[in-house]
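Enquirer: Just dropping this structure here.
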Amino acid sequence: MGTERKRKVSLFDVMEDPSLSSKNTKSNGLGLAAAAGGGSNLINKWNGKAYSQRYFEILEKRRDLPVWLQKDDFLNTLNSNQTLILVGETGSGKTTQIPQFVLDAVVADNSDKGRKWLVGCTQPRRVAAMSVSRRVADEMDVSIGEEVGYSIRFEDCTSSRTMLKYLTDGMLLREAMADPLLERYKVIILDEAHERTLATDVLFGLLKEVLRNRPDLKLVVMSATLEAEKFQEYFSGAPLMKVPGRLHPVEIFYTQEPERDYLEAAIRTVVQIHMCEPPGDILVFLTGEEEIEDACRKINKEVSNLGDQVGPVKVVPLYSTLPPAMQQKIFDPAPVPLTEGGPAGRKIVVSTNIAETSLTIDGIVYVIDPGFAKQKVYNPRIRVESLLVSPISKASAHQRSGRAGRTRPGKCFRLYTEKSFNNDLQPQTYPEILRSNLANTVLTLKKLGIDDLVHFDFMDPPAPETLMRALEVLNYLGALDDEGNLTKTGEIMSEFPLDPQMSKMLIVSPEFNCSNEILSVSAMLSVPNCFVRPREAQKAADEAKARFGHIDGDHLTLLNVYHAYKQNNEDPNWCFENFVNNRAMKSADNVRQQLVRIMSRFNLKMCSTDFNSRDYYVNIRKAMLAGYFMQVAHLERTGHYLTVKDNQVVHLHPSNCLDHKPEWVIYNEYVLTTRNFIRTVTDIRGEWLVDVAQHYYDLSNFPNCEAKRALEKLYKKREREKNESKNRK
């Protein structure tokens, strides 16, 4: 059966065959046939249980992955270097296999006896962190949340037994705030680095410094594109490894003329493929939940109208706020023919750009690429950050077309012209750090003790104006003093996994005797939309929403929904009957509990104003204003709203619950579409601006507008009241 290993195993030197327990150390192990036959007698080294039959079935597939052939080269290279850049096409197996190779090597190393190390693998998206960790737990034949776990915002599925942890890049950044040297980790893997998310870019600079202070820590940067040379240069010439994908040729088709309606064109193309092309699943890229759900309905309807002349279809949506169980449906097989020998069934996945690189879906032969994605954009001059539907980059187009060649030669239908591809698309997607509001990032860096932001080692430094705006916002919120140092309030704000305005609102809520209510509002704002509006029952859904409506605005409407949910014992049937999203409500309840724990840690009082008091809703609105005083709009005589200070013309979003047009409103979100909308709005009083945020509403540097004149009157009124009060004394 082969010779036994004689030499001592050192870190990253070799990796044991994962089909063997730590007690069975034959160099070639058992052949797969023997392993399958006697698998029940082999002990899983991770949990001490017998391996299941499924483990060996999966192992056979793992050994077919391109990355498997390079595991020895990978471990040897990492053993000799502190940092390694690895480029691998989506489908090469890098996201699932590299962390397991590393974990095996860490566990096999005897140099740290008694020390429990973690291997961390970051993902830019929550969906990927959850989905990949479940897959890897399956491959290792362990329970998710035990030896393998994941950590995303407001959800920690790990335990004291966890050795391999998939987490969003934002969560690793939060861990660094509590543990600046990330002492629990032996190896950190930054996956999907080409996506250049805000958190990943900050982690680049942070980990570069941590590596200097921790020679025992190793870093693997994994990318799906060849921009990796830039990573190499940034990490001082770290070695670069390339793992080939398993791509078959993909034929690219362009449109002759630009499409006026890419959604309609995408649906039309799906139907044409299903009618005319050989069997094979279809992947359609669209920009967001609403668009995807609309497309799924229309595709089902169009195919249904074709009757028996075509095979059955299974249309599956995929976007970040979809429940995990629904997300897993993308891995289901295509439906079988309706009759024996009849037309083949086909799976049609309609996805956001999450399917570009984060997840690999086998069986895809046809890709439909309209050439758009939602991207974050930020204008620091007017302090507006919004998601805009924008053209993708050439790199993204390449990733999308590559999804079609995973299992056999495929076809990609680009719903734009070849000229547009060559002349209009940028080579790479702009890093998020160059198009984002950096207030939260600056707060995180300050908490990490990084004061010199201008000289922080960003791979692509943000514009100075964007940094200055972030510092200004944090100063107005009281998170930074005038010298730019973190205040006590800022320390507490940084502990909340929320935007700075919401954190400030929570911290000051006890002063307004309404922290219980502000906790509920914050939780509701942190989860997907709680209102369900099915196309076939829109009128009934709108009537149900109106029953929760509060005349003073949307924040109080959300509070009403949360209270009703709790009063009805969190009953899913109540949610269904009232067109309320049960999953969103469960998430809100979970988020609220976590926020309560943070409040308790800082001895922030839990309190409420008497519900029957006239001040009940007034206090809640004042507390909200204390956080969102920079997001105020004023009703002009022309009938439209103007954002205060920035003078942007905006309109109340049609989804609002107000029964009137208040003179002043705070808003939670600025939405750029065909018109500029403010969404989630609440009525406030002008005099509260003077009382709650006088430091911001300094009229000496205010633009000349109706809001300024209204505020001047309010200041004069306050001055008169003060003088009258003095005279009475």
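Yeah, the Cβs are placed from backbone N, Cα and C, and that goes for glycine too.
So Swiss-Prot lists these for the protein:
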| type | residues | note |
| --- | --- | --- |
| DOMAIN | 75-244 | domain 'Helicase ATP-binding' |
| BINDING | GLY88, GLU89, THR90, GLY91, SER92, GLY93, LYS94, THR95 | ATP binding site |
| MOTIF | 191-194 | motif 'DEAH box' |
| DOMAIN | 269-449 | domain 'Helicase C-terminal' |
Enquirer: What is the number of residues in the motif 'DEAH box' (191-194) that are helix, strand and coil, as DSSP sees it?
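Expert: For that range the per-state counts are 2 helix, 0 strand, 2 coil.
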Enquirer: Starting from the Cβ of GLY91 (ATP binding site), draw a 10 Å sphere and report how many other Cβ atoms land inside it.
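Expert: Other Cβ atoms within 10 Å of GLY91 (ATP binding site): 23.
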Enquirer: If you draw a 10 Å sphere around the Cβ of GLY88 (ATP binding site), how many other Cβ atoms fall inside it, taking every protein chain shown into account?
Expert: 24
Enquirer: I'm checking region-level scores; what's the whole-number mean pLDDT for the domain 'Helicase ATP-binding' (75-244)?
Expert: 93
Enquirer: Reduce the DSSP letter at LYS94 (ATP binding site) to three states and note it down.
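Expert: For LYS94 (ATP binding site) - judged by DSSP and reduced to three states - the answer is helix.
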Enquirer: To test your reading of the ATP site: which residues beyond GLY88, GLU89, THR90, GLY91, SER92, GLY93, LYS94, THR95, same chain only, put their Cβ within 8 Å of the Cβ centroid of those residues?
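Expert: Here the nearby residues are LEU65, PRO66, VAL67, ALA224, VAL243, GLY245, THR360.
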Enquirer: Tell me, how many other CB atoms lie within 10 A of the CB of SER92 (ATP binding site), whichever protein chain they belong to?
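Expert: Excluding its own Cβ, SER92 (ATP binding site) sees 26 Cβ atoms within 10 Å.
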